[in-house]
(Lines of atoms letter the chains of each structure in order from A and count residues from 1; the text may use other names and numbers.)
(Lines give C-alpha, C1' and ligand atoms only; values in the text may rest on other atoms or scores of the structure.)
Protein backbone atom coordinates (compact mmCIF):
# COMPACT_ATOMS: atom_id res chain seq x y z
CA UNK A 1 0.00 0.00 0.00
CA UNK A 2 2.82 2.38 0.93
CA UNK A 3 4.71 1.46 -2.24
CA UNK A 4 1.64 2.26 -4.33
CA UNK A 5 1.31 5.66 -2.61
CA UNK A 6 5.01 6.48 -3.26
CA UNK A 7 4.66 5.44 -6.88
CA UNK A 8 1.53 7.60 -7.20
CA UNK A 9 3.33 10.65 -5.73
CA UNK A 10 6.30 10.16 -8.04
CA UNK A 11 3.94 9.93 -11.01
CA UNK A 12 2.25 13.20 -9.93
CA UNK A 13 5.62 14.95 -9.74
CA UNK A 14 6.48 13.66 -13.18
CA UNK A 15 3.11 14.80 -14.48
CA UNK A 16 3.66 18.33 -12.99
CA UNK A 17 7.26 19.28 -13.90
CA UNK A 18 6.48 23.03 -13.51
CA UNK A 19 5.64 22.78 -9.80
CA UNK A 20 9.23 23.42 -8.76
CA UNK A 21 9.51 26.35 -11.17
CA UNK A 22 6.28 27.83 -9.83
CA UNK A 23 7.56 27.53 -6.27
CA UNK A 24 10.85 29.20 -7.23
CA UNK A 25 8.99 31.97 -9.08
CA UNK A 26 6.72 32.54 -6.08
CA UNK A 27 9.77 32.83 -3.81
CA UNK A 28 11.36 35.32 -6.23
CA UNK A 29 8.12 37.34 -6.37
CA UNK A 30 7.94 37.33 -2.57
CA UNK A 31 11.53 38.53 -2.33
CA UNK A 32 10.88 41.25 -4.92
CA UNK A 33 7.76 42.40 -3.11
CA UNK A 34 9.71 42.42 0.16
CA UNK A 35 12.40 44.61 -1.42
CA UNK A 36 9.77 46.93 -2.89
CA UNK A 37 8.08 47.19 0.48
CA UNK A 38 11.41 48.04 2.10
CA UNK A 39 11.99 50.74 -0.52
CA UNK A 40 8.43 52.04 -0.05
CA UNK A 41 8.88 52.15 3.69
CA UNK A 42 12.20 54.01 3.65
CA UNK A 43 13.75 57.15 2.14
CA UNK A 44 15.12 55.18 -0.82
CA UNK A 45 11.73 55.40 -2.52
CA UNK A 46 11.74 59.19 -2.16
CA UNK A 47 15.25 59.40 -3.67
CA UNK A 48 14.21 57.11 -6.53
CA UNK A 49 11.06 59.13 -7.32
CA UNK A 50 12.69 62.56 -7.17
CA UNK A 51 16.18 61.95 -8.55
CA UNK A 52 16.00 58.82 -10.72
CA UNK A 53 12.48 58.11 -12.01
CA UNK A 54 12.04 61.08 -14.37
CA UNK A 55 13.94 60.94 -17.67
CA UNK A 56 14.94 64.60 -17.40
CA UNK A 57 17.17 63.64 -14.45
CA UNK A 58 19.70 62.37 -17.00
CA UNK A 59 20.81 66.04 -17.17
CA UNK A 60 21.65 66.23 -13.44
CA UNK A 61 25.38 65.31 -13.82
CA UNK A 62 25.92 68.41 -15.99
CA UNK A 63 25.69 70.60 -12.87
CA UNK A 64 28.75 69.16 -11.05
CA UNK A 65 30.54 68.98 -14.42
CA UNK A 66 29.97 72.73 -14.94
CA UNK A 67 31.47 73.49 -11.51
CA UNK A 68 34.46 71.25 -12.29
CA UNK A 69 35.09 72.93 -15.64
CA UNK A 70 34.76 76.37 -14.02
CA UNK A 71 37.86 75.68 -11.92
CA UNK A 72 39.80 73.56 -14.45
CA UNK A 73 39.24 75.59 -17.64
CA UNK A 74 38.44 79.15 -18.62
CA UNK A 75 35.80 78.20 -21.19
CA UNK A 76 32.89 80.37 -20.02
CA UNK A 77 30.65 79.36 -22.93
CA UNK A 78 30.89 75.68 -22.01
CA UNK A 79 30.39 76.39 -18.30
CA UNK A 80 27.31 78.49 -19.11
CA UNK A 81 25.73 75.80 -21.31
CA UNK A 82 26.46 73.01 -18.81
CA UNK A 83 25.08 75.13 -15.94
CA UNK A 84 21.89 75.70 -17.94
CA UNK A 85 21.55 71.98 -18.60
CA UNK A 86 22.22 71.21 -14.91
CA UNK A 87 19.65 73.70 -13.60
CA UNK A 88 16.90 72.60 -16.03
CA UNK A 89 16.09 69.25 -14.31
CA UNK A 90 16.40 70.91 -10.89
CA UNK A 91 13.79 73.49 -11.87
CA UNK A 92 11.50 70.76 -13.19
CA UNK A 93 11.94 68.63 -10.06
CA UNK A 94 11.28 71.69 -7.88
CA UNK A 95 7.95 72.09 -9.67
CA UNK A 96 7.18 68.39 -9.18
CA UNK A 97 7.93 68.48 -5.44
CA UNK A 98 5.77 71.59 -5.10
CA UNK A 99 2.90 69.76 -6.82
CA UNK A 100 3.33 66.93 -4.32
CA UNK A 101 3.13 69.43 -1.47
CA UNK A 102 -0.09 70.79 -3.00
CA UNK A 103 -1.81 67.47 -2.15
CA UNK A 104 -1.41 68.31 1.54
CA UNK A 105 -2.18 72.05 1.36
CA UNK A 106 -5.22 72.12 -0.94
CA UNK A 107 -5.58 73.27 -4.57
CA UNK A 108 -5.63 77.06 -4.04
CA UNK A 109 -2.63 77.23 -1.71
CA UNK A 110 -0.99 74.54 -3.82
CA UNK A 111 -1.35 76.63 -6.96
CA UNK A 112 0.19 79.60 -5.15
CA UNK A 113 3.07 77.42 -3.93
CA UNK A 114 3.52 76.06 -7.45
CA UNK A 115 3.82 79.56 -8.88
CA UNK A 116 6.11 80.69 -6.04
CA UNK A 117 8.60 77.82 -6.15
CA UNK A 118 8.26 77.66 -9.93
CA UNK A 119 9.74 81.18 -9.93
CA UNK A 120 12.31 80.39 -7.25
CA UNK A 121 14.95 79.77 -9.93
CA UNK A 122 14.42 83.22 -11.46
CA UNK A 123 14.54 84.88 -8.02
CA UNK A 124 17.77 83.12 -7.06
CA UNK A 125 19.47 83.97 -10.38
CA UNK A 126 18.27 87.58 -10.07
CA UNK A 127 19.62 88.01 -6.53
CA UNK A 128 23.01 86.62 -7.56
CA UNK A 129 23.10 88.96 -10.55
CA UNK A 130 22.10 91.89 -8.31
CA UNK A 131 24.97 91.13 -5.95
CA UNK A 132 27.30 91.23 -8.96
CA UNK A 133 25.84 94.57 -10.08
CA UNK A 134 24.40 93.12 -13.32
CA UNK A 135 21.23 95.21 -13.30
CA UNK A 136 20.45 94.76 -16.99
CA UNK A 137 20.76 90.98 -16.72
CA UNK A 138 18.24 91.03 -13.86
CA UNK A 139 15.80 93.21 -15.78
CA UNK A 140 16.08 91.29 -19.02
CA UNK A 141 15.93 87.82 -17.46
CA UNK A 142 12.77 88.70 -15.51
CA UNK A 143 11.26 90.29 -18.61
CA UNK A 144 12.15 87.13 -20.54
CA UNK A 145 10.42 84.98 -17.91
CA UNK A 146 7.21 86.96 -18.33
CA UNK A 147 7.37 86.74 -22.13
CA UNK A 148 8.24 83.03 -22.05
CA UNK A 149 5.34 82.17 -19.73
CA UNK A 150 2.80 84.29 -21.60
CA UNK A 151 3.75 83.39 -25.15
CA UNK A 152 5.79 80.18 -25.27
CA UNK A 153 4.44 78.20 -22.30
CA UNK A 154 0.81 79.21 -22.81
CA UNK A 155 1.13 78.84 -26.58
CA UNK A 156 2.56 75.31 -26.36
CA UNK A 157 -0.12 74.39 -23.80
CA UNK A 158 -2.97 75.71 -25.96
CA UNK A 159 -1.52 74.01 -29.04
CA UNK A 160 -1.00 70.64 -27.33
CA UNK A 161 -4.38 70.76 -25.59
CA UNK A 162 -6.13 71.72 -28.81
CA UNK A 163 -4.55 68.83 -30.71
CA UNK A 164 -5.25 66.30 -27.93
CA UNK A 165 -8.87 67.49 -27.48
CA UNK A 166 -9.68 68.50 -31.06
CA UNK A 167 -13.17 67.02 -30.87
CA UNK A 168 -14.40 69.70 -28.43
CA UNK A 169 -13.90 73.32 -27.49
CA UNK A 170 -11.72 73.75 -24.41
CA UNK A 171 -12.97 76.33 -21.91
CA UNK A 172 -11.51 77.98 -18.81
CA UNK A 173 -12.60 80.43 -16.12
CA UNK A 174 -12.78 83.73 -18.01
CA UNK A 175 -13.22 85.86 -14.87
CA UNK A 176 -10.00 84.63 -13.26
CA UNK A 177 -8.07 85.05 -16.52
CA UNK A 178 -9.28 88.64 -16.87
CA UNK A 179 -8.17 89.46 -13.32
CA UNK A 180 -4.68 88.22 -14.18
CA UNK A 181 -4.74 90.21 -17.43
CA UNK A 182 -5.61 93.34 -15.46
CA UNK A 183 -2.70 92.76 -13.09
CA UNK A 184 -0.34 92.29 -16.04
CA UNK A 185 -1.51 95.59 -17.52
CA UNK A 186 -0.95 97.25 -14.14
CA UNK A 187 2.60 95.87 -14.13
CA UNK A 188 3.12 97.32 -17.63
CA UNK A 189 1.97 100.67 -16.28
CA UNK A 190 4.47 100.51 -13.41
CA UNK A 191 7.32 99.58 -15.78
CA UNK A 192 6.35 102.02 -18.53
CA UNK A 193 6.19 105.31 -16.60
CA UNK A 194 9.84 105.32 -15.38
CA UNK A 195 10.97 104.58 -18.97
CA UNK A 196 8.76 107.34 -20.40
CA UNK A 197 10.02 109.75 -17.72
CA UNK A 198 13.60 108.91 -18.63
CA UNK A 199 13.32 109.11 -22.42
CA UNK A 200 11.22 112.29 -22.46
CA UNK A 201 13.77 114.01 -20.17
CA UNK A 202 11.00 115.40 -17.97
CA UNK A 203 12.43 114.43 -14.58
CA UNK A 204 12.36 117.05 -11.85
CA UNK A 205 15.73 115.80 -10.58
CA UNK A 206 17.67 114.02 -13.33
CA UNK A 207 18.49 110.44 -12.33
CA UNK A 208 16.81 110.73 -8.92
CA UNK A 209 13.15 111.13 -9.89
CA UNK A 210 13.22 107.99 -12.03
CA UNK A 211 14.68 105.93 -9.17
CA UNK A 212 12.26 107.40 -6.62
CA UNK A 213 9.28 106.67 -8.91
CA UNK A 214 10.51 103.10 -9.45
CA UNK A 215 10.80 102.42 -5.72
CA UNK A 216 7.43 104.00 -4.96
CA UNK A 217 5.75 102.06 -7.79
CA UNK A 218 7.40 98.83 -6.59
CA UNK A 219 5.91 99.26 -3.13
CA UNK A 220 2.49 99.92 -4.68
CA UNK A 221 2.81 96.81 -6.87
CA UNK A 222 3.74 94.68 -3.85
CA UNK A 223 0.67 95.99 -1.99
CA UNK A 224 -1.47 95.22 -5.05
CA UNK A 225 -0.11 91.68 -5.27
CA UNK A 226 -0.72 91.13 -1.55
CA UNK A 227 -4.30 92.34 -2.01
CA UNK A 228 -4.66 89.98 -4.97
CA UNK A 229 -3.57 87.04 -2.81
CA UNK A 230 -6.11 87.98 -0.13
CA UNK A 231 -8.78 88.32 -2.83
CA UNK A 232 -7.86 84.94 -4.30
CA UNK A 233 -7.46 82.93 -1.09
CA UNK A 234 -9.91 84.51 1.36
CA UNK A 235 -12.30 87.05 -0.11
CA UNK A 236 -13.45 85.52 -3.42
CA UNK A 237 -12.10 81.94 -3.63
CA UNK A 238 -15.16 80.82 -5.66
CA UNK A 239 -14.05 83.07 -8.51
CA UNK A 240 -11.09 80.75 -9.09
CA UNK A 241 -13.00 77.47 -9.12
CA UNK A 242 -12.89 75.53 -12.41
CA UNK A 243 -15.74 76.11 -14.84
CA UNK A 244 -16.90 72.46 -14.69
CA UNK A 245 -16.66 72.13 -10.91
CA UNK A 246 -20.38 72.48 -10.45
CA UNK A 247 -21.12 69.36 -12.50
CA UNK A 248 -21.84 65.87 -11.24
CA UNK A 249 -18.72 63.96 -10.29
CA UNK A 250 -17.92 61.12 -12.63
CA UNK A 251 -17.02 57.88 -10.84
CA UNK A 252 -14.34 57.22 -13.44
CA UNK A 253 -12.69 60.55 -12.55
CA UNK A 254 -12.64 59.58 -8.89
CA UNK A 255 -10.85 56.35 -9.79
CA UNK A 256 -8.22 58.32 -11.71
CA UNK A 257 -7.71 60.80 -8.87
CA UNK A 258 -4.01 61.27 -8.24
CA UNK A 259 -2.44 60.57 -4.87
CA UNK A 260 0.84 61.94 -3.46
CA UNK A 261 3.93 59.84 -4.11
CA UNK A 262 6.05 61.23 -1.25
CA UNK A 263 5.20 62.36 2.28
CA UNK A 264 4.72 65.94 3.40
CA UNK A 265 7.99 66.13 5.34
CA UNK A 266 9.87 64.61 2.41
CA UNK A 267 8.51 67.34 0.11
CA UNK A 268 9.67 70.05 2.54
CA UNK A 269 13.12 68.45 2.74
CA UNK A 270 13.41 68.16 -1.03
CA UNK A 271 12.32 71.80 -1.46
CA UNK A 272 15.22 72.87 0.76
CA UNK A 273 17.76 70.59 -0.98
CA UNK A 274 16.73 71.55 -4.54
CA UNK A 275 16.59 75.28 -3.76
CA UNK A 276 20.09 75.13 -2.24
CA UNK A 277 21.53 73.28 -5.23
CA UNK A 278 19.87 75.69 -7.67
CA UNK A 279 21.33 78.65 -5.77
CA UNK A 280 24.83 77.14 -5.98
CA UNK A 281 24.61 76.50 -9.74
CA UNK A 282 23.04 79.95 -10.31
CA UNK A 283 26.21 81.60 -9.04
CA UNK A 284 28.34 79.84 -11.66
CA UNK A 285 25.71 80.51 -14.33
CA UNK A 286 25.69 84.27 -13.67
CA UNK A 287 29.50 84.47 -13.54
CA UNK A 288 29.72 82.85 -16.99
CA UNK A 289 27.15 85.06 -18.79
CA UNK A 290 29.53 87.73 -20.08
CA UNK A 291 32.17 85.20 -21.12
CA UNK A 292 29.51 83.08 -22.82
CA UNK A 293 28.29 86.12 -24.75
CA UNK A 294 31.81 86.73 -26.08
CA UNK A 295 32.64 83.09 -26.85
CA UNK A 296 29.26 82.17 -28.38
CA UNK A 297 28.99 85.51 -30.22
CA UNK A 298 25.50 86.14 -28.81
CA UNK A 299 24.17 89.39 -27.39
CA UNK A 300 23.79 89.43 -23.61
CA UNK A 301 20.20 90.60 -24.18
CA UNK A 302 19.39 87.41 -26.13
CA UNK A 303 20.99 85.22 -23.45
CA UNK A 304 19.13 87.03 -20.66
CA UNK A 305 15.70 87.33 -22.32
CA UNK A 306 15.52 84.03 -24.23
CA UNK A 307 17.98 81.42 -22.91
CA UNK A 308 17.85 81.99 -19.13
CA UNK A 309 14.01 81.88 -18.91
CA UNK A 310 13.93 78.54 -20.73
CA UNK A 311 15.85 77.12 -17.75
CA UNK A 312 13.68 78.76 -15.11
CA UNK A 313 10.40 77.91 -16.84
CA UNK A 314 11.07 74.19 -17.30
CA UNK A 315 8.63 73.26 -14.52
CA UNK A 316 5.88 75.57 -15.77
CA UNK A 317 6.34 74.40 -19.35
CA UNK A 318 5.99 70.70 -18.55
CA UNK A 319 3.07 71.03 -16.13
CA UNK A 320 1.12 73.52 -18.28
CA UNK A 321 1.24 71.22 -21.32
CA UNK A 322 0.34 68.17 -19.23
CA UNK A 323 -2.73 69.84 -17.69
CA UNK A 324 -3.86 71.25 -21.05
CA UNK A 325 -3.76 67.80 -22.62
CA UNK A 326 -5.87 66.53 -19.70
CA UNK A 327 -8.39 69.32 -20.45
CA UNK A 328 -7.63 71.11 -17.16
CA UNK A 329 -7.14 74.55 -18.67
CA UNK A 330 -7.84 76.44 -15.45
CA UNK A 331 -4.70 74.93 -13.93
CA UNK A 332 -2.80 75.70 -17.16
CA UNK A 333 -3.87 79.36 -16.99
CA UNK A 334 -2.94 79.47 -13.32
CA UNK A 335 0.53 78.08 -14.04
CA UNK A 336 1.39 80.16 -17.13
CA UNK A 337 -0.44 83.47 -16.60
CA UNK A 338 -0.27 83.18 -12.79
CA UNK A 339 3.51 82.82 -13.01
CA UNK A 340 3.78 85.85 -15.31
CA UNK A 341 1.62 87.84 -12.89
CA UNK A 342 3.77 86.85 -9.94
CA UNK A 343 7.02 87.80 -11.69
CA UNK A 344 5.68 91.16 -12.86
CA UNK A 345 3.82 92.12 -9.66
CA UNK A 346 6.04 90.50 -7.02
CA UNK A 347 9.48 89.36 -8.22
CA UNK A 348 10.38 92.52 -10.15
CA UNK A 349 9.26 94.95 -7.39
CA UNK A 350 10.92 92.67 -4.81
CA UNK A 351 14.21 92.89 -6.73
CA UNK A 352 13.91 96.69 -6.79
CA UNK A 353 13.49 96.70 -2.99
CA UNK A 354 16.34 94.20 -2.53
CA UNK A 355 18.57 96.32 -4.76
CA UNK A 356 17.59 99.35 -2.70
CA UNK A 357 18.75 97.52 0.45
CA UNK A 358 21.96 96.35 -1.28
CA UNK A 359 22.74 99.83 -2.57
CA UNK A 360 22.30 98.70 -6.19
CA UNK A 361 20.49 101.10 -8.59
CA UNK A 362 17.84 98.58 -9.65
CA UNK A 363 14.83 100.42 -11.10
CA UNK A 364 11.76 99.81 -13.27
CA UNK A 365 13.23 101.50 -16.35
CA UNK A 366 13.60 98.45 -18.60
CA UNK A 367 14.50 100.67 -21.59
CA UNK A 368 12.25 101.51 -24.52
CA UNK A 369 12.65 98.34 -26.63
CA UNK A 370 11.98 95.95 -23.74
CA UNK A 371 9.03 97.97 -22.41
CA UNK A 372 7.37 98.12 -25.85
CA UNK A 373 7.84 94.36 -26.28
CA UNK A 374 6.19 93.66 -22.93
CA UNK A 375 3.29 96.03 -23.64
CA UNK A 376 2.46 94.49 -27.03
CA UNK A 377 2.79 90.92 -25.67
CA UNK A 378 0.42 91.59 -22.76
CA UNK A 379 -2.15 93.05 -25.17
CA UNK A 380 -1.92 90.00 -27.45
CA UNK A 381 -2.38 87.58 -24.54
CA UNK A 382 -5.25 89.64 -23.06
CA UNK A 383 -7.12 89.45 -26.39
CA UNK A 384 -6.50 85.69 -26.57
CA UNK A 385 -7.99 85.12 -23.10
CA UNK A 386 -11.02 87.40 -23.29
CA UNK A 387 -13.52 84.82 -24.65
CA UNK A 388 -12.65 82.02 -22.19
CA UNK A 389 -11.97 79.39 -24.89
CA UNK A 390 -8.85 77.77 -26.29
CA UNK A 391 -7.84 75.96 -29.47
CA UNK A 392 -4.65 74.87 -31.20
CA UNK A 393 -4.67 77.89 -33.56
CA UNK A 394 -4.48 80.32 -30.65
CA UNK A 395 -1.55 78.37 -29.29
CA UNK A 396 0.15 78.37 -32.69
CA UNK A 397 -0.20 82.17 -32.94
CA UNK A 398 1.31 82.66 -29.47
CA UNK A 399 4.27 80.45 -30.39
CA UNK A 400 4.84 82.46 -33.59
CA UNK A 401 4.68 85.70 -31.58
CA UNK A 402 7.39 84.33 -29.27
CA UNK A 403 9.59 83.47 -32.27
CA UNK A 404 9.28 87.09 -33.46
CA UNK A 405 10.30 88.31 -29.99
CA UNK A 406 13.27 85.91 -29.90
CA UNK A 407 14.47 87.05 -33.33
CA UNK A 408 14.09 90.68 -32.28
CA UNK A 409 16.33 90.25 -29.24
CA UNK A 410 18.89 88.30 -31.27
CA UNK A 411 19.48 91.38 -33.45
CA UNK A 412 18.98 93.88 -30.60
CA UNK A 413 22.01 95.70 -29.21
CA UNK A 414 21.60 97.07 -25.72
CA UNK A 415 22.71 100.71 -25.81
CA UNK A 416 23.22 100.71 -22.05
CA UNK A 417 26.17 98.96 -20.49
CA UNK A 418 25.37 95.32 -19.87
CA UNK A 419 26.50 95.58 -16.28
CA UNK A 420 25.02 98.95 -15.48
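Along the chain as shown, residues are numbered 1 onward.
Including glycine, each Cβ sits where the backbone N, Cα and C put it.
Long-range contacts of the transmembrane segment (47-72) within the same chain: residues 39, 78-79, 82-83, 85-90, 92-93, 96-97, 261-262, 270, 277, 280-281, 284, 287-288, 314, each at least 6 residues beyond the stretch ends and with a Cβ under 8 Å from a Cβ of the stretch. The transmembrane segment annotation in TrEMBL covers 47-72 (among others).
The domain 'Sodium/calcium exchanger membrane region' annotation in TrEMBL covers 78-233 (among others).
The transmembrane segment annotation in TrEMBL covers 111-130 (among others).
The annotation transmembrane segment is assigned in TrEMBL to 142-163 (among others). Remote same-chain partners of the transmembrane segment (142-163), defined as residues 6 or more beyond its termini with a Cβ less than 8 Å from a stretch Cβ, comprise 119, 122, 126, 170, 184, 304-306, 308-310, 312-313, 316-317, 320-321, 323-325, 327, 329, 332-333, 335-337, 339-340, 343-344, 347-348, 351, 366, 370, 373-374, 377-378, 380-381, 390-399, 401-402, 405.
The annotation transmembrane segment is assigned in TrEMBL to 175-200 (among others).
Among the features that TrEMBL reports, transmembrane segment is placed at 212-231 (among others). Through the fold, the transmembrane segment (212-231) approaches residues 112, 179, 183, 186-187, 190, 193-194, 197, 341-342, 345-346, 348-350, 352-353, 356, 362-365 of its own chain, all at least 6 residues removed from its boundaries and within a Cβ separation under 8 Å.
For 268-286 (among others), the entry in TrEMBL reads transmembrane segment.
Annotation comment: TrEMBL describes 268-409 (among others) as domain 'Sodium/calcium exchanger membrane region'.
TrEMBL lists 298-325 (among others) with the feature transmembrane segment.
Residues or ranges marked as transmembrane segment in TrEMBL: 331-356 (among others).
Positions annotated as transmembrane segment by TrEMBL: 368-386 (among others). Within the chain, the transmembrane segment (368-386) has long-range Cβ neighbours (under 8 A, six or more residues past its boundaries) at 139-140, 143, 146-147, 150-151, 154, 174, 177-178, 181, 184-185, 188, 191-192, 195, 199, 305, 333, 337, 394, 397-398, 401, 405, 408, 412.
Here the transmembrane segment (392-413) has long-range neighbours at 147-148, 150-152, 154-163, 166, 298-299, 301-302, 305-306, 369, 373, 377, 380-381, 384, meaning same-chain residues at least 6 beyond its ends whose C-beta is under 8 angstroms from one of its own. Sequence annotations record features per position, and here TrEMBL assigns transmembrane segment to 392-413 (among others).
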Secondary structure tally of the domain 'Sodium/calcium exchanger membrane region' (268-409) (DSSP, helix then strand then coil): 119 helix, 2 strand, 21 coil
Long-range neighbours of the transmembrane segment (331-356), counting only residues six or more past its ends (CB under 8 A): 111, 114-116, 118-119, 122-123, 126-127, 130, 135, 138, 142, 145-146, 149-150, 153-154, 157, 161, 172-173, 176-177, 180-181, 183-184, 186-188, 190-191, 214-215, 217-219, 221-222, 224-225, 228, 240, 313, 316, 319-320, 323-324, 362-364, 381, 385
